[in-house]
Amino acid sequence: MSFAPTRLRHFQVLLLAYVLSGWLGFALGALHHDADLIALWLPGGIALIMLLMLGWWGVPAILIGSLAVHVPLIVGHLHARQGALYLGTLALIDLLQAWLAMRAWRGREARLHAPLIRRTHDLIWFWVQVCLLPVAVTTPLIAALQSTMHLLPDQDPDTLVRQVLTLALAGFGGLLLVAPCYVVWRDRSRWPWRSLPWRTWWPSTLICVVVLAAFWFYPPGLTLVLPLLLAKTIHYRWPGMAVSVLLVGLACWVGTVLGFGPFVDTSAHLAFVNLQLFLFSTAVMLQYLALAHEMLLRQHWQMEAEVKQRTEALASANARLEELATTDELTGVPNRREWQRRCAHAVMLARRHQQPMAVLLLDLDHFKQVNDTYGHLIGDLTLRTVSRACQESLRGSDSFGRWGGEEFVALLPDTPLEDAQQVAEKLRHAVSAAQIKLDNAPVPSMAVTVSIGVARLHASDADLDTLLTRADHALYFAKQTGRNRVVLETELPADGPRL
């Protein structure tokens, strides 16, 4: 199995972090003349991250890291064979703890079919199954191993119990504070790293000031760090919480070891227990708040997405309704109501600016015969064909619509009567040239004709209806005088057509 460059880089970084954090823990413990007195065993959390990120490659990383961390401690204390046995057994115990935590993590994800630590109810499982139980299983093994190798200063039961408690709290703290950093890396694409304004950095600055002041000047002031951590959690969500709690924990640990701060006690063990209780309660509270805040944000975004989706659907439905209300469904041209609405304004402008205007009223000849002979489907096809032929023959500024039944209407702005006659003839020829294909008929196609009445706008016209009435009279006169022709309003007899 090959090692990809990215995985190799992760392997190196995690191994270095494991070794350095282990040496840091023992170095701080040595300041109390007891290398085993450690407040937070950070390598335990890093070992879990190794297995989660590297898979089986995490096994050698944990074994190598454990050996590198513990070798300096046993030099001069154990013989070579005893030392090798102790180091090997301790490395296997460290691996067992990480494997138990990883198994609980992955098992929960497999049952939920979702990543762990995405919902608040995941935290109980994380605290108990991932952080507490693996430590509870392996800590007695470590204490028994140290007792067997005579590495404990006293072999009485009280010392053994105290050692188990110290190791358990340190291991639990390491998993509780370090494992959330894996979630930061795993979900790195979900966090708004660059979208936060500079002013949200103020909690970080104040946290540093409060921690320094609490450990060097006024220990009770450390309580002020809690609202600042809360602000950090709100602004930076889970990453801000995880990193801040880990750094505050390290700072408090160093300050307590140096003899400063509110956790200092006559007993080093009690001082570390005080520190651990503060860190554990703070971490548990902020982890829950971070996930609760994250869930509220997701619900808010989901609601916004649903509202946007429904708004778009409503707008689409309204547009469709408007189209149905203004468009003839069969031919796709404006219906009578919409055409009148558009043209009424055009007539008003033409009268105001004294511009010529004409109206064409078209009626298909013998359309009832087409329906009776070929059926309504062919009749509908005929209407669509005629409509398309007319639209292709008109200008973009002309308004064309379906008047009703087999009748169509066109408004020609800035067009005198003579030009309107030419347009009407153009439409008549275009309709006559259009072929309607027929299926299962004696002939493959047929042609239809159209009669057209033409009227122009008069200064005395009160409205569009007056103009349409004259065009209607001209149309009926065309019907009465042979069909398939264009009749101008000026060609009407003095007594008008017989309707």
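Keep in mind that glycine also has a Cβ here, set from the backbone N, Cα and C atoms.
Here is what TrEMBL says about this protein:
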DOMAIN    355-491  domain 'GGDEF'
TRANSMEM  12-31  transmembrane segment
TRANSMEM  37-54  transmembrane segment
TRANSMEM  84-102  transmembrane segment
TRANSMEM  123-145  transmembrane segment
TRANSMEM  165-185  transmembrane segment
TRANSMEM  197-218  transmembrane segment
TRANSMEM  238-260  transmembrane segment
TRANSMEM  272-290  transmembrane segment
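A contact between the transmembrane segment (238-260) and the transmembrane segment (84-102) is absent, since fewer than 3 of their C-beta pairs, 6 or more residues apart, lie under 8 Å. Long-range contacts of the transmembrane segment (12-31) within the same chain: residues 37-43, 46-47, 49-50, 53-54, 58, 61-62, 64-65, 68-70, 72-73, 170, 253-254, 257-258, each at least 6 residues beyond the stretch ends and with a Cβ under 8 Å from a Cβ of the stretch. Scored on C-beta pairs under 8 angstroms, the neighbour of the transmembrane segment (84-102) with the top count among 37-54, 123-145, 165-185 is 123-145. Residues 44, 48, 86, 89-90, 93-94, 96-98, 100-101, 104-105, 108, 116-117, 152, 160, 163-164, 167-168, 171-172, 175-176, 179, 284, 287-288, 291 of the same chain sit 6 or more residues outside the transmembrane segment (123-145) yet have a Cβ under 8 Å from a Cβ within it.
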